[in-house]
Amino acid sequence: MPKRTDISSILIIGAGPIVIGQACEFDYSGVQACKALRAEGYRIILVNSNPATIMTDPDVADATYIEPITPEMVAKIIEKERPDALLPTMGGQTALNTALALEADGTLAKFGVEMIGAKAEVIDKAEDRQKFRDAMDKLGLESPRSRACHTLDEAMEGLEFVGLPAIIRPSFTLAGTGGGIAYNVEEFKEIVERGLDLSPTTEVLVEESVLGWKEYEMEVVRDKADNCIIVCSIENIDPMGVHTGDSITVAPALTLTDKEYQWMRAASIAVLREIGVETGGSNVQFAVNPADGRMVVIEMNPRVSRSSALASKATGFPIAKVAARLAVGYTLDELKNDITGGATPASFEPSIDYVVTKIPRFAFEKYPGSEPLLTTAMKSVGEVMAIGRTFKESVQKALRGLETGLSGFDEVEIAGADDPDNGKEAVIRALGVPTPDRLRVIAQAFRHGLTVDEVNAACSYEPWFLRQIAEIVRQEGWVKAGGLPQTAQGFRELKAQGFSDARLAKLTASTEKAVRAARQALNVRPVFKRIDSCAGEFLASTPYMYSTYEFGALGQIPQCESDPSAAKKAVILGGGPNRIGQGIEFDYCCCHAAFALDQIGVESIMVNCNPETVSTDYDTSDRLYFEPLTAEDVLELLHVEMSKGTLAGVIVQFGGQTPLKLAHALEEAGVPILGTSPDAIDLAEDRERFQQLLNGLNIAQPENAIARSWDEARAEGDKIGFPFVMRPSYVLGGRGMEIIRDHEAMERYIAGAGEISLEHPILLDHYLSRATEVDVDALCDGKDVFVAGVLEHIEEAGVHSGDSACSMPPFSLKAETVEELKRQTVQMALALNVRGLMNVQFAIEEPHSDNPRIYVLEVNPRASRTVPFVAKTIGQPVAAIAAKIMAGESLASFGLKDVPYDHIAVKEAVFPFARFAGVDTVLGPEMRSTGEVMGLDWKRDGETGMGPAFARAFAKSQLGGGVKLPTKGTAFVSVKESDKPWIVEPVKLLQAAGFKVLSTEGTQAYLAAQGVQVEHVKKVLEGRPHIVDVMKNGGVQLVFNTTEGKQALEDSFEIRRTALMMKVPYYTTSAGALAAAQAIAGAPAEALDVRPLQSYAAE
């Protein structure tokens, strides 16, 4: 069927901010869909609240709305734009649930909008647990015994039917949110109540436990002529009980018999037909009982998902692009496969002759109080993917690509394992607990002498995978005993098992450099193979490569398929797996670098190992290497690329800390670095050198010191005086950073921090309390400087910049203060000889007085996480311009002007606290947010100043982050001593808006002295009914709670946690409270209007 001509405009709903379970993969799918449908001539309207995405760039869709993704706001966009169709399958659970709400409330019918890609009844049938189960029964496919329940009483009846342990799965939630495994009745009740609360339809499925079963997924694409293909089979190495997003997975499935595979293939196609998915990709999940082969269907996603991003990158088959075109009427046989240059149609099922391994990355260390346990609710924040010719090569590449300091199956300590009497029991106990380290625990168990059968009994991993790991451990023993192989054949055999030079160095008590020299002396180097989706059957025209050391049965080395070009080229190093502090913002910059190089005729070569991202899409750059970002892997691909053509250099300043760590190794190897020199980057990171630079420029810094021993740290701390901030040098995302307020806190920090040394000193900075923090992003070519953005933080200094809301332009700073910040930024950029991007963080004491004091906190001569937000606000492709400057263009040639604009943008951080029980939500100097949203609004006619526009933009940023500010009700206000003067105005604003205000004794007395009367409520420790009781009874709609000091934090912990669980908006800084009060007073939700991004740029 040719494409539909009865529709001309299509609305695509994005996924919103990056949260656990919904990350960059939806930027990747959204970009593919927009590009594919625009190429077909449709007008594309896009809504997404996340500014750090490529899809929200003004040239990706025809009308781009950076607005909150709520049914009310999307309805306003529909009313304004009148699209013919809505495609809800590209934006994860957020888009599906929003589309269903618009269908249910009659918006789609009212404006004549047709849902394409998946109809409402299809989504409902797939996502509603009971309807899905009924559909499986109809097909004669088994699913686990289960009951759908809408109340706790119904769930208790369901429990009698399924027994304990039981799995609880809420309907219509993302990545297992609210679900879990209950081993006893108390846990069961707790999980069911939470699940019912978090499910938008108040429904949970109580399901028999299939813990320990093998888990598989099938990625299926179907068109309206009923052509179906399996793009990829995926096997979870972790057994059932661990969410598939937290599981280590391999593609293709490696341990299915052909009979089982064919059964699963037929079953997944039958599932799509029965559910009614007519156009597009879906994934179907199965569980297999290893004891008797019983096979059951677990669930399906009727949309593009995290697994489909993995399947796309694993095979080279662009699922999202194909799904988008199927949604407008094409059939699979009418579409060409890009990877083979159109030699095969899209109906040609991909086949692969390599093994892909995905390992998730976790951030439990960022959430003190959370247990690093894996369950059916997803907790990982990122993932790495690696490709090898064998499972061993693939899994070892993935382990080093995680960037958690591993070089392979590094040793891990198991508590009690060395006990001569009970050591074996300790190892078996450790194997039974699903943690992020379980793969290494398995390897360690083999080192302790356990057999494959014993390990299998303890952790339910498939014996085939266990034998592979046992072989790796055995080989490590041989290397330890006999040293490095002396022949090329022997060395190649080792490298073909995936051993990194760094791991071999550890095993032989040598250095990585020495191992590399020995390997290269024997001329043992990897070859590069192409991902072609057809296992070499047709010629691949797309340069999408991975490395391997594989060799033939007779020792012959396979042909290298890299085929580097003779062009002028530049290599962009990506950011690797997502983590807190380094995420999609950096991928955004890497993509822009590739686009910019393309525009100036330089070949772009991308290196990255994150399967979720746009940067690892085969058509983002000219050439793509899917490789771990380690010195060894990068130097090997550069060796091949430099054999032909001219390498202009490597770009290291766009991928966050990951590529910067490689800059020195590259420089030593004689590889040119584009942009700011590694020495200048070092100068900005090196405390003492940077201080000299600032002194020379007469720029102030908070009093600070550097300590190389704990005694020195204590002495320096006493000199600076409390409070001060302590942190290790060279970190991203505020890792290990803490505000120290007394000697006790200092000793606690020292006890938990480990060793410090000459190489790894500790930094101390005087903490500027009540200072306003400001971020400045600038472009520099060594001669001229353009200040792209000045962002005023809403939370005061002391909250990590990545976790603070901020406003651009500044909402309260004086014009002369902003000018002074720009002047100092220009001075530093020129002094550091920056070429490309630079970010400065300032703190301003008494910013509103006649004499504000400006201090520089830090300078980063690289891309910062605010770059995409700044680019969207000023309508300039900041990252792309930076890339062109690095390639030699002058800043002056872009004609950038600092022009005032009549709109205001607010960036707000989004946190995953709800997924980590027992974690305090108070903000501090260590970054804990996973993503961000942008609220954008403009000055209306007749408004004086930006105040009203700021209130609306702030309200939108809260709404986009999932916080709906109340318009009436009761607010609870309790603040620390130093904040009391700053809480009077927010309370007055709330009372004027009709709110009742409750306060604890101290805050109430202070407000009364200022002539503001509020009602008293007891603290938790003062007897009942106390504030938490009132909150649990639904008596509070808004919380302002600020604290300091260990005891006060502990006392008020329950208030913040209850607010989170009851979905009550809460603010833990006085500045955040003021912004919220202004938004409530000045911007009720119905007053919010929508406007496309393109119209702001045209101002």
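Cβ from N, Cα, C; glycine included.
Among the features that Swiss-Prot reports, region 'Carboxyphosphate synthetic domain' is placed at 1-403. Feature annotation from Swiss-Prot assigns ATP 1 binding site to ARG129, ARG169, GLY176, GLU208, VAL210, GLU215, GLY241, VAL242, HIS243, GLN285, GLU299; the stated evidence is sequence analysis. The domain 'ATP-grasp 1' annotation in Swiss-Prot covers 133-328 and rests on sequence analysis. What Swiss-Prot lists as Mg(2+) 1 binding site is GLN285, GLU299, and the listing cites sequence analysis. According to Swiss-Prot, the feature domain 'ATP-grasp 2' maps to 691-887. Residues annotated as Mn(2+) 3 binding site in Swiss-Prot, with sequence analysis given as evidence: GLN841, GLU858. Residues or ranges marked as Mn(2+) 4 binding site in Swiss-Prot: GLU858, ASN860. Here Swiss-Prot flags GLU858, ASN860 as Mg(2+) 4 binding site. Marked as domain 'MGS-like' by Swiss-Prot: 963-1099. Swiss-Prot lists 963-1099 with the feature region 'Allosteric domain', giving sequence analysis as the kind of evidence.
Positions of the features from Swiss-Prot, shown on the structure.
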residue: ARG129; record: ATP 1 binding site; contacts (Cβ under 8 Å, 6+ apart): SER146, ALA148, ARG169, SER171, GLU203, VAL204, LEU205
residue: GLY176; record: ATP 1 binding site; contacts (Cβ under 8 Å, 6+ apart): GLY21, ARG169, HIS243, GLY245, THR375, THR376, ALA377, MET378
residue: VAL210; record: ATP 1 binding site; contacts (Cβ under 8 Å, 6+ apart): PRO144, ILE167, MET240, ALA287, ASN289, VAL296, ILE298
residue: GLY241; record: ATP 1 binding site; contacts (Cβ under 8 Å, 6+ apart): ILE181, SER209, LEU211, GLY212, THR375, THR376, PRO434
residue: GLN285; record: Mg(2+) 1 binding site; contacts (Cβ under 8 Å, 6+ apart): GLU215, TYR216, GLU217, THR244, VAL297, ILE298, GLU299, MET300
residue: GLN841; record: Mn(2+) 3 binding site; contacts (Cβ under 8 Å, 6+ apart): GLU773, VAL774, ASP775, VAL776, SER801, VAL856, LEU857, GLU858, VAL859
residue: ASN860; record: Mn(2+) 4 binding site; contacts (Cβ under 8 Å, 6+ apart): ALA684, MET838, ASN839, VAL840
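Secondary structure at GLU299 (ATP 1 binding site), as computed by DSSP, is strand. Residue with the densest Cβ environment among the binding-site residues GLU299, GLU858: GLU299, by other Cβ atoms within 10 Å. There are 23 other CB atoms within 10 A of the CB of HIS243 (ATP 1 binding site), with all protein chains counted. Across the region 'Allosteric domain' (963-1099), the DSSP tally of helix, strand and coil residues reads 71 helix, 19 strand, 47 coil.
Under DSSP, ARG129 (ATP 1 binding site) is assigned to a helix (H, G or I) in the three-state scheme. Within the set ARG129, ARG169, GLY176, GLU208, VAL210, GLU215, GLY241, VAL242, HIS243, GLN285, GLU299 that the record links to ATP 1, no two Cα atoms are more than 19 Å apart, and one pair reaches that distance.
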